[in-house]
Amino acid sequence: MVAADEDDDPACPANAKRPAAFQSRLPGLPGAATYNQVHDVDNPLVVQDPPPPAPAVAAPLDKSEIRIRVGLGGGGGGGGGLGLEAADSDGAGDSLGGEVIPHGYQQMVPLDPDETTDSTGFLTAPRHSRPPRKSSSLLAAVTLAAISGDPPPRETWNKKVEFLLAVIGFAVDLGNVWRFPYICYANGGGAFLIPYCIMLVFGGMPLFYMELALGQFHRCGCLTLWKKICPALKGVGYAICLIDIYVGMHYNTIIGWALYYLVESFQSELPWTSCNNTWNTPNCTPVVGEQFNYSTSPAKEFFERSVLEQHLSDGLDRMGPIKWSLALCVFGVFVLVYFSLWKGVRSTGKAVWVTALAPYVVLFILLARGVTLPGADVGIRYYLTPQWEKLKESKVWIDAASQIFFSLGPGFGTLLALASYNKFNNNCYRDAILTSSINCLTSFLAGFVIFSVLGYMAHMQNKSVAEVGLDGPGLVFIVYPEAIATMTGSVFWSIIFFLMLITLGLDSTFGGLEAMITALCDEYPRLLGRHREIFVAVVLVLVYLCSLPTCTYGGVFLVNLLNEYGPGKSILFVVFVEAAGVCWFYGVDRFSRDIEKMLGFRPGIFWRCCWTFISPVFLLVIFICSLLGDTDDANKYPPWAISVGWVLTASSLLCIPVYIIYKFSITSGNCSQRVKMICVRRRPPRRRRSTSTRRTAPGRTSDSRAARHRTPCPASRCCARTTRTRAPGSSSGWCRCVSTHWPLAVEAAMLRNTWTRGGGPGGPLADWGCK
């Protein structure tokens with residue numbers, strides 16, 4: 001036995017037992033023949049040179065062996081690379097090859113099933129070779145991590161387009177359909193597009209770009225991210241997770257309403273067409289009939305008295321029991337969400353092909369139908385006619401800023417999570433421009449779809465467009481179904497419309513829950529990351545149980561309360577703190593250098609100015625105006641409900657100061673030292689070289705650094721360049737391989753052998769070098 005370290009080490013006895021071994025073949029090394037070596041599993045520093053092969057007899061590998069083949073790109077066995085497989089009794093096994101191992105290791109090449117072994121149990125040349133299989137790369141990397149005990153490597157999107165669809169699907173949600181058209185015509189029609197585009201360029205797009213770049217560079221969720229930027233602000237990540245829970249509690253219920261409508265649409269006649277149903281009141285009047293001041297439409301009574309049955313409750317004071325048919329629809333939504341999230345980007349990447357593309361197909365179909373309806377031109381003119389005097393009102397600019405922010409969705413952690421699965425050199429700058437522009441154009445397109453139908457309804461009822469239109473859920477659950485009921489082929493139009501609403505909502509709720517799941521899995525990789533499927537199921541079950549009160553007869557009032565006080569106010573301040581932490585504490589210059597490392601160029605002066613000054617102020621102004629603008633809450637909710645709403649808002653906001661106090665209290669040093677340590681990312685200390693005597697090659701010792709550096713390292717079979725180093729906590733030194741011909745760190749991860757402070761197993765094996 002020949003020890004790879006120069007001196008005898010008590011941690012590496014020469015007579016160590018070898019209960020299991022793995023083989024490595026180093027083909028085609030410069031100036032050397034092909035070597036087959038056996039590395040001890042318990043002590044990988046001990047290397048045994050094999051006896052000369054006897055090719056006449058073939059012997060199978062032992063069941064407990066793991067085979068590694070390493071090449072340099074031309075050596076035997078089908079090209080350079082690394083292959084990993086568990087040895088079968090016939091010496092072949094099933095390949096776990098792949099294309100690329102993370103962290104810069106060489107290309108992995110699957111072992112050939114026709115490879116055989118000689119009489120000593122070592123691999124001989126394969127009978128033929130085959131190209132690497134890209135589909136096996138993740139399996140091989142996960143296998144290496146499983147053997148090492150480390151969390152599996154981070155997944156990446158199978159295709160770039162899947163990431164783009166996921167981002168577009170998250171940004172384009174129900175608000176693009178029911179909120180933007182109403183805000184547009186209420187704030188000046190076509191004139192509203194001027195403040196809208198200004199807020200997009202100076203406020204929304206810089207924040208959108210910032211989050212995509214942060215997630216892609218640091219490759220982690222909204223919790224682990226702050227360890228690398230500003231440790232004191234990790235409470236921002238916990239606040240985002242809490243806000244995502246509040247959103248999941250009510251947003252999925254709205255999707256459940258759309259699913260209820262979809263199920264009811266599969267009838268010969270839509271149930272909200274006439275007033276001859278059990279839930280109708282004497283005040284119900286058909287749309288084409290004579291209207292009175294007290295008249296209600298069949299669509300409105302269907303939504304309020306059949307779907308929600310809110311007449312059986314007394315508002316938030318007494319919401320009544322759960323309506324189980326509605327709860328079942330919400331449960332169906334959670335089932336769809338689970339099977340889209342349980343496998344991470346592998347399952348989400350498949351789901352977004354439907355949930356992100358289907359709404360556009362339906363939007364164009366509905367647009368083609370809407371513009372052919374009588375009166376559609378009146379509604380479109382009402383939508384686009386500019387009212388320039390509105391631009392003098394501050395409310396128009398505040399509404400434009402709020403719509404841009406909530407439409408693009410920065411601050412919910414979703415953009416961070418989705419971008420963290422990108423490849424490091426992905427052009428996130430181009431992605432930010434493309435996806436944010438598509439989102440805003442979709443809102444503009446949805447306005448044509450909605451207002452063409454509103455003009456048709458105004459024509460049918462001899463009313464103005466302003467008298468017909470409604471804001472929020474009423475627009476898509478009352479007005480539009482009412483118009484659909486009067487069209488030819490109403491069942492078909494109803495089915496595709498509510499399918500569009502469901503798909504619009506699903507990929508948005510995918511994004512919100514994925515942000516929380518990614519953050520917690522990255523923060524606790526061993527506890528949660530390894531058991532993602534179970535963790536996702538537990539999270540969705542808990543969120544579903546919390547959302548059951550929104551399925552009661554008075555659940556619609558709770559949905560409105562959660563929407564307004566859950567994320568509505570707190571998310572603005574949370575994103576302001578996030579932008580301040582990145583732009584002021586971490587620094588725009590450092591952030592720009594990070595982007596340069598990914599993309600090869602630094603962001604321009606426009607982006608740096610927006611990140612430094614405009615974007616934080618943009619968020620702070622919206623937050624202050626949202627607090628000052630809530631003067632009619634006393635008329636909408638009882639006093640105790642308003643108090644509960646502010647508790648919901650404070651619960652997420654308090655995460656930020658509470659964590660700052662906690663981090664300050666556990667940090668050592670005086671006050672100024674603590675503030676500096678918790679506000680600035682700590683860099684790993686550099687290892688200082690000691691002038692004490694270290695181990696060198698056998699028979700050579702050196703008492704000074706200069707003498708040690710003058711002592712050359714012995715020749716190595718697998719090292720192109722070596723240097724001298726030492727073990728952590730030890731004064732002894734050895735020759736460390738700096739540039740290797742084969743990735744010893746992969747073997748280190750497999751065998752879990754590391755140094756301790758005393759020189760035994762406990763620190764990274766990669767530091768030992770390649771001997």
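Any Cβ shown, glycine's included, is placed from N, Cα and C.
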From the disulfide entries in TrEMBL, identify which of CYS241, CYS275 pairs with CYS284. CYS275
Identify the region 'Disordered' range according to TrEMBL, selecting from 1-47, 565-611, 612-658. 1-47
Does the transmembrane segment (609-629) reach the transmembrane segment (193-214) with at least 3 CB pairs under 8 A, where each pair is 6 or more residues apart? yes
Which one, 235-263, 353-376, 396-421, 534-559, has the most C-beta pairs under 8 Å toward the transmembrane segment (322-341)? 534-559
Minimum Cα separation from CYS275 (disulfide bond), reported as the residue among binding-site residues GLY169, VAL172, SER407, LEU504, SER508 that achieves it: LEU504
Out of these binding-site residues, SER407, SER508, which one has the fewest other C-beta atoms within 10 Å of its own C-beta? SER407
Across all protein chains shown, the one of the recorded positions CYS275, LEU504 with the most other Cβ atoms within 10 Å of its Cβ is LEU504
Candidate ranges 396-421, 433-458, 534-559, 571-588 - greatest C-beta contact count to the transmembrane segment (193-214) (under 8 angstroms): 396-421
The sparsest Cβ environment within 10 Å, among the recorded positions GLY169, VAL172, CYS284, is found at CYS284
Between the C-alpha atoms of VAL172 (Na(+) binding site) and CYS284 (disulfide bond), the distance in angstrom, to the nearest integer, is 35
